[in-house]
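Undergrad: Here you go, one structure.
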Amino acid sequence: MPQQMSQSTDRYPINPQLLAFSYARDSAAQSGCSVLDAAFERYFNLIFPDFVGGTGLSNIWSEPKPFTVSVKVKNGECDGFPDEGSNESYNLSVSAGQAVLKAESVWGALRGLESFSQLVYQDDYNLYFVNKTEIEDFPRFQFRGLLLDTSRHYLPMPAILKTLDAMAYSKFNVFHWHIVDDPSFPYQSRNYPDLSSKGAFHPMTHIYTQSDVKRVIYHARLRGIRVVPEFDSPGHTQSWGKGQPDLLTSCYKGKVPSGTFGPVNPTLSSTYQFLNGLFKEVTSVFPDSYLHLGGDEVDFTCWRSNPNVQAFMAKMGFGSDYTKLESYYMENIVNITAALNKTSIVWQDVFDYRERIPMDTVLEIWKGVPADYRAELGRITLAGYRVLLSAPWYINHISYGQDWRNAYTVQPQNFSGTEQQKKLVIGGEVCMWGEYVDATNLTPRLWPRASAAAERLWSDEEKTSSVDKAFPRLEDFRCTLIRRGIQAEPLFVGHCKHEYSGL
Amino acid sequence: MFLTETKRFHFLLLLIILHSEVEQAYAVWPMPQQMSQSTDRYPINPQLLAFSYARDSAAQSGCSVLDAAFERYFNLIFPDFVGGTGLSNIWSEPKPFTVSVKVKNGECDGFPDEGSNESYNLSVSAGQAVLKAESVWGALRGLESFSQLVYQDDYNLYFVNKTEIEDFPRFQFRGLLLDTSRHYLPMPAILKTLDAMAYSKFNVFHWHIVDDPSFPYQSRNYPDLSSKGAFHPMTHIYTQSDVKRVIYHARLRGIRVVPEFDSPGHTQSWGKGQPDLLTSCYKGKVPSGTFGPVNPTLSSTYQFLNGLFKEVTSVFPDSYLHLGGDEVDFTCWRSNPNVQAFMAKMGFGSDYTKLESYYMENIVNITAALNKTSIVWQDVFDYRERIPMDTVLEIWKGVPADYRAELGRITLAGYRVLLSAPWYINHISYGQDWRNAYTVQPQNFSGTEQQKKLVIGGEVCMWGEYVDATNLTPRLWPRASAAAERLWSDEEKTSSVDKAFPRLEDFRCTLIRRGIQAEPLFVGHCKHEYSGL
């Protein structure tokens with residue numbers, strides 16, 4: 001729901017033959033602007049899914065009238081990437097024969113085009129209309145992310161690209177790509193090709209090549225979506241070890257290596273050399289100013305068993321507090337990222353271990369029930385760090401019935417803290433972990449459940465406080481998604497005018 | 001260049017032969033009753049695989065069921081085959097491989113039914129597989145097993161291991177329910193489900209075709225039922241041709257189609273096109289404007305149902321008809337003065353279960369007069385209704401203790417029974433809930449051997465509150481396949497759910513390879529991932 005919106009019952013016909021998107025004369029961006037040129041074409045097809053040229057249906061009672069969508073942006077930059085500072089606000093005014101869309105940047109114009117496309121409807125005779133409408137809109141949170149996990153199951157490219165399409169329909173603006181983890185390493189590195197050739201499920205068919213990654217970033221950019229990759233360490237790295245000898249800690253059984261491996265070995269300088277090389281590559285491949293470093297769920301058992309790690313602990317004066325070793329490691333890699341001029345995101349564990357990390361680091365909360373994450377929101381913001389909330393939006397977790405209601409009723413700023421602290425909540429993320437999810441069930445599990453979180457992250461909380469009022473709107477939106485080819489599952493008994501038939 | 005490639009290919013083949021590791025025994029899901037395999041393997045060249053009728057087979061070329069199955073299974077075994085030369089073993093002359101099928105009973109144009117014999121024997125040896133079955137329905141099951149035995153090695157060459165299978169189903173009735181009333185399922189979703197059912201050897205499609213929310217069955221005699229009761233009178237209906245197509249598609253796969261016209265409850269959508277069918281509910285002394293279950297007091301009700309069931313039983317060839325009978329709310333009946341008067345006249349007192357019984361007995365008799373066997377939900381038994389002894393009761397309620405007790409009670413009374421309570425597969429939870437479906441023991445209840453035999457099978461139910469074509473397939477498969485093994489295979493041989501896990505993982509990849517959007521059981525991958533987005 002937009003921040004401000006008023007509509008009247010006056011409606012204006014739109015004839016597919018005569019709908020035109022155009023740049024306003026005083027727009028800083030003009031024809032040739034890659035982002036908007038592509039968006040005009042895309043939204044034409046989204047508004048008229050059946051249009052195939054030719055004459056089509058027209059209102060036979062009157063001369064067909066042209067309808068113009070005029071777009072004006074103040075900042076004419078069209079070739080950059082959306083980033084944390086991007087302005088997504090827009091104004092949209094729909095009146096007889098025209099819609100006027102004004103935005104600071106092309107990213108705001110994209111959000112306005114999405115809203116316009118949702119305003120157009122068909123009557124029972126399949127004629128298109130739009131009602132007189134005024135919208136003033138901007139996002140509540142700057143960071144509205146969605147995480148896909150391509151390590152526990154490989155997601156083929158079409159699944160990722162289609163998810164980006166659907167993200168734009170719900171105004172998500174960050175694709176958090178949890179690209180590698182214990183089970184597999186599908187990222188094909190330029191500098192360390194063994195990582196995927198030995199660590200992927202299959203070295204040829206289950207990898208993301210450099211071209212694949214570029215294609216994802218390109219596809220996302222045109223939709224105003226940032227791509228933030230996560231290279232989670234020191235835990236969750238079993239697959240890294242296959243292609244990078246000596247990276248992982250060798251676990252011991254008594255006095256001999258057991259043959260199994262634990263987290264990244266934080267005691268060796270070769271570890272940091274490798275990570276410096278990898279992150280240098282990664283930050284050159286991914287243009288976003290953020291890099292997710294993980295840092296969650298480190299099991300100390302293996303570190304404890306290893307005599308070299310024990311010796312290092314003694315040398316460093318860490319005693320037997322392995323959280324200090326974890327801190328040592330994370331501080332080192334956060335510094336590598338900082339030296340590459342990137343902002344680090346890390347999971348909350350890194351804060352919980354009281355690590356010394358730069359103040360611009362973003363902490364992401366993933367644990368616990370509401371009482372837990374509210375307390376953590378208070379603690380992290382009190383320490384002055386920015387924070388992302390994902391704990392209530394682990395959308396891979398399913399239960400029978402309307403569990404979208406839980407995602408909808410989250411209150412990300414409802415915790416004890418000052419106004420200043422509340423502002424440090426920069427957004428949230430829907431996480432689709434991959435233990436039980438691959439391309440077969442990704443889309444119906446994501447949509448429209450993720451759209452419930454999307455409204456929480458974009459819209460005014462007071463205006464969207466009723467989950468029952470949201471229900472029919474979300475039902476309609478789910479039919480819109482179906483109409484756009486997104487396999488979005490039903491909320492309850494009922495039907496869409498056009499059912500999903502893409503079997 | 002070509003030569004170099006060829007040389008390398010030779011070298012690779014040499015490696016295969018030198019390192020000819022013992023191939024794992026290739027499993028069949030659901031597990032056959034008897035199966036032995038050796039590591040001897042035989043190459044199969046797509047160019048030279050032929051299905052044929054044995055000379056002494058009662059069915060011969062022209063048998064509709066098997067002719068179609070031969071074509072279908074060829075494509076399932078070789079999903080990439082597009083003609084041309086393809087890969088072949090260049091070390092030796094390509095050898096032909098023949099699947100020879102012999103059936104004793106040459107009937108090919110009938111429908112599978114409760115008496116159908118699905119047993120088969122399959123013997124795979126060098127260059128040939130010999131499949132013997134009593135009927136074409138058994139031959140279909142054997143072809144499915146054979147198709148699962150063929151595998152590709154890392155160089156995409158096809159092989160099958162020496163194998164002997166003697167197989168038959170544990171239960172004669174292995175059903176799957178789809179609910180096309182709470183959400184409309186487009187035809188491709190139903191047909192694809194039938195395809196996948198055959199892969200798991202399900203043999204009954206229980207079509208819960210109408211219910212409260214919508215009436216998509218387009219009746220010849222009562223067209224208003226769908227024109228007023230469907231979600232949309234044109235786009236959200238099943239025409240007579242649609243129904244025929246479903247029955248045709250199912251028959252070719254050895255699947256029965258049993259429709260359910262659930263009454264007297266679950267009939268809100270019926271009332272829109274059939275005035276006076278439903279009971280008018282009263283608020284005090286005036287009608288409230290809402291309607292309750294079918295009105296059991298009017299003779300017009302039974303005339304209508306007789307007409308509808310006459311039509312339905314002529315459209316659906318199966319000998320069974322599901323009459324529902326579950327979850328009847330008596331509130332509306334109680335409120336209606338005419339129903340109250342009828343209760344008094346019949347001497348039912350204030351026991352509305354007697355009225356429900358009266359209704360069900362009447363419609364079961366209609367069905368019986370049409371020479372059909374009725375299936376009803378367990379509620380009908382619980383109300384102690386007088387129903388013919390050939391009626392089949394279906395258990396849908398409760399935790400294991402409840403449904404075990406009910407299995408005991410119903411079979412003690414001498415009725416045949418179907419179990420679906422533990423297989424409400426629309427219910428989902430996070431994690432590997434297929435394990436619950438797998439570990440069900442349908443005959444584990446207190447009763448005699450005779451009673452156990454009255455358990456004729458079970459059904460996986462996919463109710464439609466939260467399910468339509470968008471999420472049907474991944475929610476069904478491979479979770480329903482877990483129940484399918486319980487219904488087909490020997491219980492002792494399939495008692496370990498952990499041993500089933502890797503086999504079901506493999507089978508899920510087989511389903512993916514066949515274009516079925518089956519969801520993963522856990523972390524991992526398939527050689528060919530689903531990409532049908």
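For all residues, glycine too, the Cβ spot is worked out from N, Cα and C.
Whatever TrEMBL says is automated annotation, not expert-curated.
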Undergrad: Between A:C78, A:C251, which residue forms the disulfide that TrEMBL gives for A:C33?
TA: A:C78
Undergrad: According to TrEMBL, the disulfide involving A:C479 connects it to which residue among A:C431, A:C496?
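TA: Cross-referencing TrEMBL, the cysteine bonded to A:C479 turns out to be A:C496.
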Undergrad: May I ask which residues of the same chain, at least 6 positions away in sequence, place their Cβ under 8 angstroms from the Cβ of A:C302 (disulfide bond)?
TA: A:T249, A:C251, A:T260, A:F261, A:G262, A:P263
Undergrad: What is the number of residues in the domain 'Beta-hexosaminidase eukaryotic type N-terminal' (A:2-119) that are helix, strand and coil, as DSSP sees it?
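TA: Going by DSSP assignments, the domain 'Beta-hexosaminidase eukaryotic type N-terminal' (A:2-119) contains 31 helix, 35 strand, 52 coil.
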Undergrad: Please identify which of A:C78, A:C496 has the densest Cβ environment, defined as other Cβ atoms within 10 Å, among these disulfide-bonded residues.
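TA: Of the disulfide-bonded residues A:C78, A:C496, the most buried by Cβ count within 10 Å is A:C496.
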Undergrad: Which whole-number mean pLDDT does the model give the domain 'Glycoside hydrolase family 20 catalytic' (A:141-460)?
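TA: That stretch averages a pLDDT of 97.
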Undergrad: Tell me, by DSSP, whether A:C479 (disulfide bond) is helix, strand or coil?
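TA: DSSP call for A:C479 (disulfide bond): helix.
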Undergrad: Quick one: give me the count of other CB atoms within 10 A of the CB of A:C33 (disulfide bond).
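TA: I count 22 other Cβ atoms within 10 Å of it.
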Undergrad: Would you mind reading off the Cα separation of A:C78 (disulfide bond) from A:C479 (disulfide bond), to the nearest angstrom?
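TA: About 32 Å separates the two Cα atoms.
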Undergrad: Taking the Cα atoms as reference points, how far is A:C33 (disulfide bond) from A:C496 (disulfide bond) in Å?
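TA: It is 36 Å, counting Cα to Cα.
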Undergrad: Would you identify the secondary structure of A:C251 (disulfide bond) according to DSSP, in three states?
TA: strand
Undergrad: Roughly how many angstrom lie between the C-alpha atoms of A:C496 (disulfide bond) and A:E297 (active site, proton donor)?
TA: 43
